[in-house]
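Taken from TrEMBL as is:
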| type | residues | note |
| --- | --- | --- |
| TRANSMEM | B:12-33 | transmembrane segment |
| TRANSMEM | B:45-70 | transmembrane segment |
| TRANSMEM | B:90-110 | transmembrane segment |
| TRANSMEM | B:122-139 | transmembrane segment |
| TRANSMEM | B:151-171 | transmembrane segment |
| TRANSMEM | B:191-211 | transmembrane segment |
| TRANSMEM | B:223-243 | transmembrane segment |
| TRANSMEM | B:272-295 | transmembrane segment |
| TRANSMEM | B:307-323 | transmembrane segment |
| TRANSMEM | B:335-356 | transmembrane segment |
Amino acid sequence: MQKIKQLMLVSISCLFFLTGCLESNILEELGIVTIYGFDKAEKENTLRATTVLFQFNPDITDASQIITSEGHTFRELRNNANKKSGYKIVSGQLRTVLFGPELSKEGIFPYLDTLERDASISDMVFVAMSTQPTEEVLTASNYEQSPNIGTYIQRLIDTAVRDERLISNTLHEFTRKFFEVGHDPLVPIINNYQDKAQISGLAVFQNDKHVGEISLEETFYVRLISDKFNSGQVEMKLPLKVLQNYLEEYEKVTTDVVYVVLDQINNRADVELSNPEGLQFRVKLDIEGRIVELSERIDLSNKKALEAIEKEINNEVVENLQALIQKSKELNADFFGFGKTYVATKHGKKITEEQWRDMYKDIQVEIDVKSRIRSYGIVE
Amino acid sequence: MKSLSVPKDNQIKAAYLIIAIHTVQVGVGIAGYPRLVFMDAKQDSWISIIITGLILSLVIACMVFILNTYKNQDLAGILCTAFGNIIGKFFSMIFVVYFLVLFLSVIINYVEFVQVFIFPKMASWFIGLLLLILVWYAVYGGIRVAVGASIVFFLSSIWMVGLLSKPISLIEVRNYLPIFSTPWKDVLKGVLISSYTFLGFELLWVIYPFIYDKKNVAKYSQFSILITVVMYLFITMVAIGYFSPKQLEQKVWPLLTMFKVISFPMFERFDILAVALWIIVILPNLILLAWMFSFTCKRAHGWKQKHCLVGLVIFSLGFIAIFDDRELINKFTDYTGQIGLVLGWAFPFILLPFAIKHRMKGKKKNAKN
Amino acid sequence: MKRKAKKTSKSSYFPCTLEQLEKDLKDGFFNSTPDFSKKTIEQNGQRIGVFFIHYMVEKDQIYKFVLDKIQSENIQWDTKLLDNEIPINNAKFRTECEEIGKDILRGSVCIYVEGDSDCITYGFPNILERTPSKAETESLVFGPKIAFTESLRSNMNIIHWRMDNSSLTSEKFIIGNEIPTEVRLVYLKDLANEENVNEMRKRLKNLETDDVLESSVLTQYIEDNSYSIFPQMYVTELPDRLCYELKEGKLSVLVDKSPSAVIAPINFFSFFESTEDLYTRWNMGSFIRLMRLVAMFLSVTLTPLYVAALTFHYEIVPTALLVSLGHSRSRVPFPPLLEALILEFLIELIREAGARLPTKVGQTMGIVGGIVIGQAIVQAGFTSNILIIIVALSALASFTVPSYLMGSAIRILRFPLIIMAGLWGFLGIFFSFSFLIIHVLKQKSLKRPYFAPIYPFRPKDLDNSIVRIPFLKSNYRAYSNMAKKTKRFNEPPNTKKKDIEE
């Protein structure tokens, strides 16, 4: 009996170790992709992918590699790329996907969907686009001290998002907005300027199709409504006329505008559907900030001066927001997410994406801004 | 059938029920649960969950009443007392099969996790073997080790809930609105779909004779249900806020997908770790179910518990080797849920009249004496 | 009178001639050893023989108290008179040759007046023992430094000095067929749990072996599960540790000829406690205890995590590390599993060599091994430099465990874990971890749960095992010790102020 037991134990453990031969991914044998750039190829229905990857070699300190390949599907692209590399190409360390201009116009969701389905790809991958062919962007040779262009672009976007200069657009957030009725994504545009990749603005997407652009400055106003600021920063142009009285005496006025820089901005936005039938929205906006820079000397210890500035800021915000909303209506891309509020407020039958697109042109938004300037630096 | 007298060394405190019942309930189901309930009840899923919780609380109360009536009896004993020896044994056999089915459904679902997320090429039976070795080793130590394992594993996995703070920071509040807009029929459908995920409380049937302070059973088992409900509610709510409605309907395992956004400075991707770590979440599940299976088997047939356990391990291994198709797994899970609806949820109420009768008889006897 | 009655009942060996006695003793016990000394005194026509082994007795004392006495007084001696005249207690009257032989072996001197019906033995044992010195394996920075020696006598002396408590009980057992060794079971009668005492007594009594070498060997004879890698009884060389545990209601076993004592029952977390935690302030003590637990955890997980991440789960490596890791790995010709095993093996070698060599050489060994080989091995591309850091860290971490046995257990545990990680990645790691947890849960120490304050869960015991709280607040003994009295002392009066200013 004892012998049989021993025999069983030995055979089971043998089996154990024999079947243990798994497909391994040993780090230095991999080509680790950090960024993909997808473009349309010349041939019909084919894609061109620019793959930036790490390949580790003891003798070469620069581990970065760039491979372009063509194919119909994501798998095929990867397999074709693998033909040009001695390393097994894997995308578990993917940080950014970049789409070229034509693809963005046609819709990028099919490609994102394949990425989403791959369990090895993180949901924190940034989705970005470029108005130039991606190969041009990814072959830019200046990527600071980053190990390769992929990590550089990721850092570029990540820093901007953390500084609240951008609206985060990860794979998860993009698909979320794509599936949501009444919310459209904004995608950062990365372009190559003088051999260096830079953020040049935000692309407005209608679902997954690129329809327009807004500037980085305008992003601030989108964020005011659709996101939260913890310590944002903005520069505003206010007319000098109203503030004329509060100027320090020694100041000689040469312009008719004054630039104000606010930082440490906190905001609170309440979007509500005030009239469902008339599609009227009311946005209540509370902004709190701190003046750090003024282009002209204004006596800030004067309460009235502050009030006047606050009032001007309110006007400026409302003006800018209305212009942006107008723009979004023209593009018919609801990047503020008014539709989301509409869906959340209205009971009864759910509306579809198309219905909301039809309705969106007719919405009216009333904006009510209250700004407050907390303190203004260490010098009065 | 004789009532059980458990030696004091083998008895456990009723307080352990809080975690033991909770850990049998929470397992593979929780990873896919938010989606299932959302498909029916939409943003009003929380109503479904609370209703399920209330019903469950009633079921547990009913079970405790029955168990208190037949003192020191486990399920097999009660069945035999209520229905007579032959029918009773037949019914306990059904329960044995039911426990087996629950056990298998947990194991094949976990195998699928591993294959999808980390090791697509790992053989199903091999992952099963790893699990079964642990189950065998733990159940061999008896009920104390089984409960101990459930407690230690619970303590070493509960911190994962805290990691959801990252998905919580990405929640879109408007996803919860408007409330009360789902028709009642759909909410009730959500209740029905929840029944599978909440299964496992049948542990109480079997573990009852082992409990040292029986008067606290009602309190602690209800408490355990509360924890489970709160946990499901929490995870479902986070999932609903985190995903947009259509997106959630596409995710097979929303919980694991939510882990995909978590990263630490030294640890870029938590989801890979989470799937492997999930072994700790499902082990108590498997261990307690295997214990329930082997013990009830022993009680119903007088077979040795050891042999029942070995039988279970060998059978499961074969089963896992055959079952590795996703369609089949889903079907199997559905059937398990339906069986559970009868044997888990409805059965206590079927047994209730017998218990009342038994209690009346006991009272009459007392009166005569 | 009793003696006489006894004598008549047996067919006595005595009387005999001195030569006969000498011959019998030599043949029967000492195999004609040259160390057997005999001195014959002829006086008044009497022949008196004095027998002993010269290095087993205090010779000076024999000359002073026995030989001097006999020679100086000119009287007719007999056994009784000897007993009266010689000013030493514990005289034993022997009538059997065998008994005399055993006495002489234990350092006694035998005096026989020829022709008498019995003989007398006195114990003058000359036990060579080390004076108690500083603890070596469990050294403390803070607190008493004295350690046990190899002599049971002085160990008991130390314990009694430290604990002048009337309930301190010690029971004597003689264990070993070939080499009988004295074993003492020591506990405080007022505190120690009866069941524990009975269990330990039973185990000691039923133990049948040829020889108990050492107390750590004794634990291997009487522990609950011989197949586990974890020690189930605490072996310590610190009297203060022992006395602290006795005071907590535990038992201890001391073995003669062994410089360490056994403490039981014990739980898993006791192996991470040191008395130093008690001597430092409570917050420092808690921190250090938690740190040790974390260190143990890291020591067991770090290398396997490295192996698993580099073999299967490249996704989890942070980008910042990825490049440097990839670079240093690309030189290495082995898969991560082999790389880690080689390095772990090397570290174990250095440790073992350092332990076997004399202290001075051992230190040099450490430096040579650590710095020179470490440097060379990376430059030669044998391992990646990050692995060196990880392995060194986990080796260091394993040395923070106060118990040498537990530390070794942890170091050895790493190897199967590394192999599992290399075979099946994270799944292998968590499989092993689950296995370990179940294994620890199944262990018992003297039939008491081994994983105590966690399972069975006793939140009130946490302060006596995993953390520490101020002494005034922890006036209860750990419940899992099952001491007879759980209260250490009465609660101090509440001195909390009702308001800020009063």
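Quick reminder: no glycine exception, Cβ is built from N, Cα and C everywhere.
Between the transmembrane segment (B:122-139) and the listed ranges B:90-110, B:151-171, B:223-243, B:307-323, B:335-356, the one holding the most Cβ pairs under 8 Å is B:307-323. Sequence-remote contacts of a segment are chain residues at least 6 beyond its ends whose Cβ falls under 8 Å from one of its Cβ atoms, and for the transmembrane segment (B:335-356) they are 55, 59, 62-63, 65-66, 69-70, 78, 82-83, 94-95, 98, 101-102, 105, 192-193, 195-196, 199, 201-202. The stretches the transmembrane segment (B:223-243) and the transmembrane segment (B:45-70) are in mutual contact, each linked to the other by at least three Cβ pairs under 8 Å (pairs 6 or more apart in sequence).
If one looks beyond the transmembrane segment (B:307-323) by at least 6 residues along the same chain, the residues whose Cβ comes under 8 Å of a Cβ in the stretch are 100, 103-104, 107-108, 111, 124-125, 127-129, 132, 135-136, 139-140, 290, 293-294, 297-298, 329, 332. Contact between the transmembrane segment (B:151-171) and the transmembrane segment (B:272-295) is supported by 3 or more Cβ pairs under 8 Å, counting only residues 6 or more apart in sequence. Taking Cβ pairs closer than 8 Å, the transmembrane segment (B:45-70) reaches residues 3, 34, 37-38, 77-78, 81, 180, 182, 187-188, 190-191, 194-195, 198, 201, 204-205, 208, 214, 217-218, 221-222, 225-226, 228-229, 232-233, 236-237, 240, 344-345, 348-349, 351-352, 355-356, 358-359, 362 in its own chain, all 6 or more past its ends. If one looks beyond the transmembrane segment (B:272-295) by at least 6 residues along the same chain, the residues whose Cβ comes under 8 Å of a Cβ in the stretch are 20, 23-24, 26-28, 30-31, 74, 96, 99-100, 102-103, 106-107, 110, 113-114, 117-118, 131, 134-136, 138-139, 143, 146-147, 149-150, 153-154, 156-157, 160, 200, 202-203, 206-207, 256, 259, 305, 308-309, 312.
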